[in-house]
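Now, the feature entries from Swiss-Prot:
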- C98: active site, proton donor (ACT_SITE)
- P7, M8, Q9, Q68, K139, N200, G201, E202, G224, R225: FMN binding site (BINDING)
- R35: site 'Interacts with tRNA' (SITE)
- N95: site 'Interacts with tRNA' (SITE)
- Y176: site 'Interacts with tRNA' (SITE)
- R272: site 'Interacts with tRNA' (SITE)
- K274: site 'Interacts with tRNA' (SITE)
- Y279: site 'Interacts with tRNA' (SITE)
- K295: site 'Interacts with tRNA' (SITE)
Amino acid sequence: MRVILAPMQGVLDPFVRQLLTQVNQYDLCVSEFVRVVDQLLPTKVFYRLCPELYQQGLTASGTPVRVQLLGQHPQWLAENAQRAIELGSHGIDLNCGCPSKTVNGSNGGASLLKQPELIYHATKALRAAVPKALPVSVKVRLGWDNSEQAFEIADAVQQGGATEITIHGRTKMDGYRADRINWAKINDVRQRLSIPVIANGEIWDWQSGQACLAETGCQDLMIGRGALNIPNLSQVVKFNQAKMPWAEVLILLHQYAHTENQFDTGFYHVARIKQWLGYLKKAYPQADALFQLIKTCHDGQALRMKIDGVMN
């Protein structure tokens, strides 16, 4: 079984990837999306969103990273895919699942679910641009507002030549509502395809991971929000290990707090720590207490002083 760390825009930035891969055995990470419009992007854009490209596309602990592209113009997706591959990406992933209103408003992400033919052409262009030895993957949801087109969407991906497909078990309109997860539909789609299907959605622990594998019939899982709730989730899902003790979570947060300038992700660092604590408190009651302690911090120095105090 492979366990893949999902792309989460504005959340799983390069340094969080580094932290999580150093305490897990992820088989692959997918980067935050590189937005492609109507031009070949400069190399600095790829390096900013995926600095692992400086290290042969690997995190510090050796986990391969695959660049994800977002856009709706097959030609420009293909040209930017070639650039990402030249820089060292371990294949290319196409984003057809992001539910963000901003992204969808510019005809990217999940908006492509309404246009299976465009998904086909984009996938085909990527497959032609990427060397055959390297994978082209596509991440989708079950549909826009219902799952009636799920088969058509998946067929478009397969007919376009993708190596594998990741299916999030909800529609775009379902958002992240737990009661809307539909693993059974992933299984229906999987049985129709000959390419590998990676299941995604509502995987929080060993039990839900096993349930997802059983109901979808998939052999591989992609985890996103759960990886932030329990920082060693791949170990939990793969090996039924216990969740990481809070003391070890604190060490990760301490590392994060002291690397404010290591990567330029374009996001406000203090807010990112607070955001991560929002995820952590679902599994660790201590995270809420720490959030209350730092919630008035507005700069990195104040944040570090607070966290250093807790560590000591």
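Here the Cβ of each residue, glycine as well, is placed from N, Cα and C on the backbone.
What you see is a predicted model, and the numbers here were worked out from it, not measured in a lab.
Features per Swiss-Prot, on structure.
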residue: P7; record: FMN binding site; DSSP class: coil
residue: R35; record: site 'Interacts with tRNA'; DSSP class: strand
residue: N95; record: site 'Interacts with tRNA'; DSSP class: strand
residue: K139; record: FMN binding site; DSSP class: strand
residue: G201; record: FMN binding site; DSSP class: coil
residue: G224; record: FMN binding site; DSSP class: coil
residue: R272; record: site 'Interacts with tRNA'; DSSP class: helix
residue: Y279; record: site 'Interacts with tRNA'; DSSP class: helix
_Please give me the recorded positions out of C98, Y176, R272, Y279, K295 that lie within 10 Å of G201 (FMN binding site), comparing Cα atoms only._
Y176
*Can you tell which of the recorded positions R35, K139, K295 lies nearest to C98 (active site, proton donor) in space, using Cα positions?*
K139
*Taking each of the recorded sites Y176, Y279 in turn and counting other Cβ atoms within 10 Å of its Cβ, which one has the fewest?*
Y176
*Rounded inter-Cα distance in Å - N95 (site 'Interacts with tRNA'), Q9 (FMN binding site)*: 11
*asked:* Checking your reading of the structure: which of the recorded positions P7, R35, G224, K295 lie inside a 10 Å Cα sphere centred on K274 (site 'Interacts with tRNA')?
replied: K295
*Restricting to the same chain and to sequence separations of six or more, state which residues have a Cβ under 8 Å from that of K139 (FMN binding site).*
P7, V30, Q68, D93, L94, N95, C96, G97, I165, T166, H168, N200, M222
*Fewest other Cβ atoms within 10 Å: which of the recorded sites R35, R272, K274, K295 wins that one? Let me know.*
K295
*Between any two of P7, M8, Q9, Q68, K139, N200, G201, E202, G224, R225, the residues recorded as binding FMN, what is the biggest Cα to Cα distance in Å?*
22
*To the nearest whole angstrom, what is the C-alpha distance linking Y279 (site 'Interacts with tRNA') and Y176 (site 'Interacts with tRNA')?*
14
*Which number gives the other C-beta atoms within 10 angstroms of the C-beta of Q9 (FMN binding site), all protein chains shown included?*
18
*Please list residues from the chain of G224 (FMN binding site) whose Cβ is under 8 angstroms from its Cβ, counting only those at least six apart in sequence.*
L5, A6, P7, M8, L12, N200
*Measuring Cα to Cα, tell me the gap between R272 (site 'Interacts with tRNA') and K295 (site 'Interacts with tRNA') in whole angstrom.*
12
_Spatially closest candidate among Q9, R35, K295, the listed recorded positions, to Y176 (site 'Interacts with tRNA') (Cα to Cα)_ = Q9
_Number of Cβ atoms other than its own within 10 Å, given for G201 (FMN binding site)_ = 29
